[in-house]
Amino acid sequence: MNVFIAAISGIIFGLGLIIAGMANPTKVLAFLDLFGAWDPSLALVMAGAIGIAILPFTILKKKTLAWSGQPLRFPKKTDIDGRLIVGSLLFGIGWGIAGICPGPSIILLGAGIAKGAGFVLTMCLGMWLADRFNQITARRNPSQINDYNDD
């Protein structure tokens with residue numbers, strides 16, 4: 001059932017990206033081009049998504065189980081540390097270079113577009129490297145092993 005819910009959620013998310021034009025790397029790069037032909041539509045899509053999600057997220061923060069019966073897991077770390085800053089920088093650099101973020105990359109991969117496949121491949125490599133880095137740092141600092149409220 002969880003796989004079904006995840007699949008339906010992913011399809012809805014992907015359709016939203018396609019309808020909003022966010023699967024087009026040129027449109028995303030135009031948002032990042034602040035001093036050229038800047039296109040604010042990505043900011044409007046983000047604002048709309050935040051506006052829609054804020055009420056359900058606020059309600060869920062008060063619960064322990066999702067409607068599917070699965071436990072809800074929220075990060076317990078809220079501080080801004082080096083890991084967060086480096087990860088954010090790497091994410092932003094990759095997004096700026098390619099003009100693709102993870103959601104639209106899956107759409108491009110599914111459409112058979114080579115740029116999407118290359119991005120997904122390097123994204124997976126980056127996730128693998130981050131996992132290895134986290135394993136190494138967790139050995140040095142065991143408190144970083146579990147960053148979620150499910151002790």
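Every residue, even glycine, has its Cβ placed from backbone N, Cα and C.
What TrEMBL records for this protein:
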- 40-60: transmembrane segment (TRANSMEM)
- 80-100: transmembrane segment (TRANSMEM)
- 106-130: transmembrane segment (TRANSMEM)
Other parts of the chain folded back onto the transmembrane segment (40-60), taken as Cβ under 8 Å at six or more residues beyond its ends:
16, 20-22, 27-28, 31, 66, 72
Counting only residues 6 or more past its boundaries, what in the same chain has a CB within less than 8 Å of a CB in the transmembrane segment (106-130)?
10, 14, 17-18, 23, 25, 87, 90, 94, 98, 100
